[in-house]
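Colleague: So that we are looking at the same thing, I have put the structure below in structure tokens.
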Amino acid sequence: MKITIIGTGYVGLVTGACLAELGNDVFCLDLDQAKIAMLNGGGIPIHEPGLAEIVSRNRAAGRLHFSTDIAASVAHGQVQFIAVGTPPDEDGSADLQYVLAAARNIGKYMTGFKVIVDKSTVPVGTADRVSTAIREELDARKPAGAAIQFSVVSNPEFLKEGAAVDDFMRPDRIVIGCDESASGQQAQALMKQLYLPFNRNHERTFWMDVRSAEFTKYAANAMLATRISFMNELANLADKVGADIEAVRHGIGSDPRIGYSFLYAGCGYGGSCFPKDVQALERTARAYGQELHILRAVEQVNNNQKHVLGQKISERFGADLSGKHFALWGLAFKPNTDDMREASSRVLLDELIGRGATVAVHDPVAMTEAKRVLALDLAATPGAFERIRFCDNQTDALNNADALLIVTEWKTFRSPDFEQVKTLLKAPIVFDGRNLYEPEVMGELGFEYHGIGRSALVRK
Ligand code: UDX
């Protein structure tokens, strides 16, 4: 099938490459000339396991094209995916200017029936606005344009960064919202054909109306964020009452109604989805005169949780950290990505440096991105950025540090040579923001260990 993907950001690039891998002829459009030049030169703008291989294989096979040519992109695809960014507005609602501009371009150039798929995470009601934008452009091309039919479909993505290719190729579910009109039914038939490879052995598609599909994406992310904030708040209480949050997690997760996943306490969630989507859903509710009290709390708890390591460090070393030096492992908001958006490491570094400390940091892949982002974060305070030393490997970062801090749960941090860690640190103290280690084992190894919600197991 001929497919166009508008926007070669994270979602667009993964969707385009994976649909090409299934044998479709995919045209990816982006207005960023540098990005398109990079992709056409064999480069990949993001770090995502498996993506580079798929892009290169399908480009070589002639099934995956990158271009800045809007007219050609509209002409190419029977199905047009809108996968452009929806950055938060100043008030936290999703900014739809890029989505609507993409819709207008489709309306300007289309000459026959098209299915337009909203792939970007967009507020409930966006498909209607996309329809209106396209219809206005078609009507402006009277009489020929007015006769052209189209259908706007909602097909939210549920990709996790670091596992996006796998999530796309082996989806738990595919959510598609179509309307009941004749065009809607035509769109449904095309979407069925497009996703057939995933549904052969087992039907994974949930068909619903457009607004429910749009809502499902927000509901899923809000639910997951809620589980995390719930556990983080309980972990802080567990520290006070002397309970172990990991034991509690096992105890409740074994109930199939609760389940184990997304119940890990830590130093807060980050990334491009949870913070943005929780806020956007709150904004949507407010626009309809309703307050989402639970989500407001979820957001507040998460903002506080990003300070939890800073607080534990204060309790141990005092508020003034001048003269103190820390080793920090993990900068990305989660493992297997170089994404620094809303990463907890940024809040912690800002706090430590603001309080006078120096920090040696290492992340297996996010170093370049971290340098860029942290330079901006700390730009207002002269000399602040220079207080961070970027180390090529995790061992180098340990040298002479007053404590080791862990912020991202990368696999390579799970089983370090603890004897070496102890020798290199000035004092064997670990603040583990992702509960990677067992407090009792750390105690036996001679470490002073601070986890999240695990103080019950620390030998006094
Ligand atoms: C998320 C959703 O999982 C995905 O379905 C959606 O399409 C986009 O948003 P992503 O942002 O890539 O994906 O990351 P995810 O793996 O969900 O982790 C988000 C954050 O939550 C990370 O900072 C992670 O460290 C944190 N987290 C996750 C916890 O603190 N505890 C947990 O139990 C799980």
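Positions of Cβ are set from backbone N, Cα and C atoms, glycine also.
The following feature annotations were taken from TrEMBL:
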- Cys273: active site, nucleophile (ACT_SITE)
- Asp30, Lys35, Thr86, Thr121, Glu161, Lys276, Arg341: NAD(+) binding site (BINDING)
- Phe158, Leu159, Lys160, Glu161, Lys217, Phe262, Leu263, Tyr264, Ala265, Gly266, Gly270, Lys334: substrate binding site (BINDING)
- 327-439: domain 'UDP-glucose/GDP-mannose dehydrogenase C-terminal' (DOMAIN)
Colleague: Looking at the binding-site residues Asp30, Thr86, Glu161, Lys276, Arg341, which has the shortest Cα distance to Gly270 (substrate binding site)?
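Modeller: Comparing Cα positions, the candidate nearest Gly270 (substrate binding site) turns out to be Arg341.
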Colleague: Over the domain 'UDP-glucose/GDP-mannose dehydrogenase C-terminal' (327-439), what is the model's average pLDDT?
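Modeller: Mean pLDDT across the domain 'UDP-glucose/GDP-mannose dehydrogenase C-terminal' (327-439) comes out at 97.
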Colleague: If you check the recorded positions Phe158, Cys273, Lys276 one by one, which have a CB less than 6 Å away from any atom of ligand 1?
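Modeller: Correct list: Phe158, Cys273.
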Colleague: Tell me whether Lys217 (substrate binding site) sits in a helix, a strand or coil according to DSSP.
Modeller: helix
Colleague: So for Ala265 (substrate binding site), how many other CB atoms are inside 10 Å of its CB?
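Modeller: I count 29 other Cβ atoms within 10 Å of it.
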Colleague: Summarise the domain 'UDP-glucose/GDP-mannose dehydrogenase C-terminal' (327-439) as counts of helix, strand and coil residues per DSSP.
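Modeller: Secondary-structure breakdown of the domain 'UDP-glucose/GDP-mannose dehydrogenase C-terminal' (327-439): 41 helix, 19 strand, 53 coil.
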Colleague: So among Asp30, Thr86, Thr121, Cys273, Lys276, all listed as recorded positions, which is physically nearest to Lys160 (substrate binding site)? Use the C-alpha atoms.
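Modeller: For Lys160 (substrate binding site), the closest Cα among Asp30, Thr86, Thr121, Cys273, Lys276 is found at Cys273.
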Colleague: What is the nearest of the recorded positions Lys217, Leu263, Ala265, Cys273 to Lys35 (NAD(+) binding site), using the Cα of each?
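Modeller: Looking at Cα distances from Lys35 (NAD(+) binding site), the smallest one goes to Cys273.
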Colleague: Quick check on the binding-site residues Thr121, Phe158, Lys160, Glu161, Lys276: which one has the highest count of other Cβ atoms within 10 Å of its Cβ?
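Modeller: Most Cβ neighbours within 10 Å: Glu161.
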Colleague: Out of Leu263, Cys273, give me whichever of these recorded positions has the highest number of other Cβ atoms within 10 Å.
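Modeller: Sorting the candidates by Cβ neighbours within 10 Å, the top entry is Cys273.
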Colleague: Quick check for the class: what is the C-alpha distance, in angstrom and rounded, between Ala265 (substrate binding site) and Lys276 (NAD(+) binding site)?
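Modeller: So the Cα of Lys276 (NAD(+) binding site) lies 20 Å away from that of Ala265 (substrate binding site).
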Colleague: Looking at the binding-site residues Lys35, Lys217, which sits with the largest number of other Cβ atoms within 10 Å of its Cβ?
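Modeller: Going through Lys35, Lys217 one by one, the largest Cβ count within 10 Å is at Lys217.
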Colleague: If you draw a 10 Å sphere around the Cβ of Arg341 (NAD(+) binding site), how many other Cβ atoms fall inside it, taking every protein chain shown into account?
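Modeller: Here the count is 17.
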Colleague: Measuring CA to CA, name the entry from the binding-site residues Thr86, Thr121, Lys276, Arg341 that ends up nearest Phe158 (substrate binding site).
Modeller: Thr121
